[in-house]
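Visitor: Let me begin by handing over the structure; questions about it come next.
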Amino acid sequence: MAEEQAYHVSKGLECLKALRENPPDIEEIQEVSSLRDQTCNPGQENGTTGMQEEEDSQNLDESHEPTKGSNYVGHVPQNNPGCGERNTALVEAERPPREDIQPGPGIRCDHVYDHSGEEVKGIEDADSLVVPAGTVGNRGFERGEGSLDDSTEDSGEDYSEGNASSNWGYSFGLKPDRAADVSMLMEEELSALLRTSRNVGIQKRDGKTLQFPHNPEVRQGIRSVDPLKRGTEERSVSHGMGIVAGSTSGATQSALKSTGGSSEPSVSAGNVRQPAMNAKMTQKCKLESGTQLPPRTSNEAESDSEYDDELFSEIQEIRSAITKLTEDNQAILTKLDTLLLLKGETDSIKKQISKQNIAISTIEGHLSSIMIAIPGFGKDTGDPTANVDINPELRPIIGRDSGRPLAEVLKQPASSRGNRKDSGITLGSKGQLLRDLQLKPIDKESSSAIGYKPKDTAPSKAVLASLIRSSRVDQSHKHNMLALLKNIKGDDNLNEFYQMVKSITHA
């Protein structure tokens with residue numbers, strides 16, 4: 001803490017030296033001072049408020065008075081707007097009697113102490129530096145006069161009104177000719193000192209001026225006519241201050257800086273957001289604690305109704321979309337169930353096919369050991385049925401025992417044929433099949449698998465009608481031919497009709 005105090009003191013000394021060497025233009029100083037007076041002293045017109053602030057400042061000063069000697073040790077608030085911290089430094093100054101307080105010709109920095117009471121080293125120039133200061137007016141140290149009896153006044157009173165310079169902290173209720181820390185001088189005191197130094201004849205160097213930063217705007221609150229009730233002996237309901245809302249835009253007004261002193265350690269308030277000057281109203285305020293809302297215009301009502309209609313239509317669209325998605329999901333689930341059923345049926349079909357393959361392989365094994373007798377094979381050449389055409393695709397299948405089936409179908413068994421060698425029959429002669437085992441000769445005049453021979457019989461006419469129906473002829477022609485078929489009599493006429501139908505269907 002001592003290093004910070006020494007740093008601020010050295011910076012203040014450098015600033016004052018620069019001002020003494022390069023004084024600013026008097027016209028610019030007067031212009032800045034007039035602007036500062038207009039913005040920072042609106043509360044001086046109210047005498048009651050000024051007196052109340054003086055009494056409060058005096059109460060604070062008297063609460064810090066020592067019990068010994070005429071020296072006064074107090075806290076000088078140091079405001080650092082950049083980091084939001086408040087530093088205090090112990091000040092030792094001579095305090096003359098209250099009735100003999102007069103503004104001195106200047107302010108002299110004599111000694112600087114830290115919080116532990118030790119003197120700060122390394123600032124020897126502060127003892128010899130004298131800064132001229134004129135009459136400051138109703139600024140700085142003149143604002144602290146009052147009586148000790150006023151300190152019992154209610155502490156809940158609002159001290160944020162009046163002079164804007166009070167927002168920078170409390171000032172002492174005396175008019176000393178010494179100051180403990182040069183860097184603690186307020187902007188108003190610097191302006192007054194520079195104006196006084198200009199009046200005493202300090203020359204100005206061309207092209208070098210001093211620019212003062214603007215004091216942040218402080219919006220004055222509207223005091224209620226009926227103050228809030230103070231503490232009573234019984235519990236009661238408080239209805240608030242009844243403050244009328246000054247802005248309906250929804251922006252939070254910047255709070256006035258507290259003027260009360262604090263003996264507790266300072267706390268950093270970094271990353272504090274700046275107050276919003278204007279913001280869009282987001283919700284309707286409730287008529288509570290005396291807050292009044294402005295009447296709604298017709299345009300606002302129409303915009304709200306349009307907004308409600310658009311919101312309702314959007315909700316309906318979202319609902320319909322959700323319904324459509326639900327239906328699609330239901331259809332997909334139904335198809336999935338169908339696929340599961342088809343999968344089960346496919347598995348059963350595969351099992352049946354495997355069973356049929358096993359049965360077919362079994363039949364093929366049996367067929368390999370069976371001999372199929374072909375009609376006409378082994379017949380005598382003199383037999384009239386021996387000239388029947390044989391299907392060339394049919395071949396005799398011989399089993400494992402090639403001699404056994406032949407001996408069973410021949411006219412004479414093999415045993416009898418082998419014993420009769422003297423009869424002139426050799427073993428290599430062609431055997432004859434038994435007549436009972438021979439097929440009857442095929443009648444070429446009757447219908448068979450070889451060909452169709454129409455006759456005036458019901459089965460023959462039924463076969464012919466089936467041929468007509470299965471043909472690709474128009475329906476009208478089919479009806480005509482079926483009608484003619486019913487009226488035809490005789491084998492010859494039926495044969496001619498058959499030839500005609502064959503020519504029409506194969507055309």
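The backbone N, Cα and C atoms fix where each Cβ goes, glycine too.
Here's the feature list from Swiss-Prot:
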COILED    310-339  coiled coil
COMPBIAS  147-160  compositional bias 'Acidic residues'
MOD_RES   Ser151  phosphoserine
REGION    31-86  region 'Disordered'
REGION    123-172  region 'Disordered'
REGION    242-307  region 'Disordered'
REGION    304-376  region 'Multimerization'
REGION    459-507  region 'Interaction with the nucleocapsid (N-RNA)'
Visitor: I'd like the per-state residue tally for the region 'Multimerization' (304-376) from DSSP, helix first, then strand, then coil.
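Guide: Helix, strand, coil within the region 'Multimerization' (304-376): 64 helix, 0 strand, 9 coil.
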Visitor: For the coiled coil (310-339), report the average pLDDT of the model, please.
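Guide: The answer is 92, the mean pLDDT of the model over that range.
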Visitor: Do you know the DSSP helix, strand and coil residue counts for the region 'Interaction with the nucleocapsid (N-RNA)' (459-507)?
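Guide: Helix (H, G, I), strand (E, B), coil: 39 helix, 0 strand, 10 coil.
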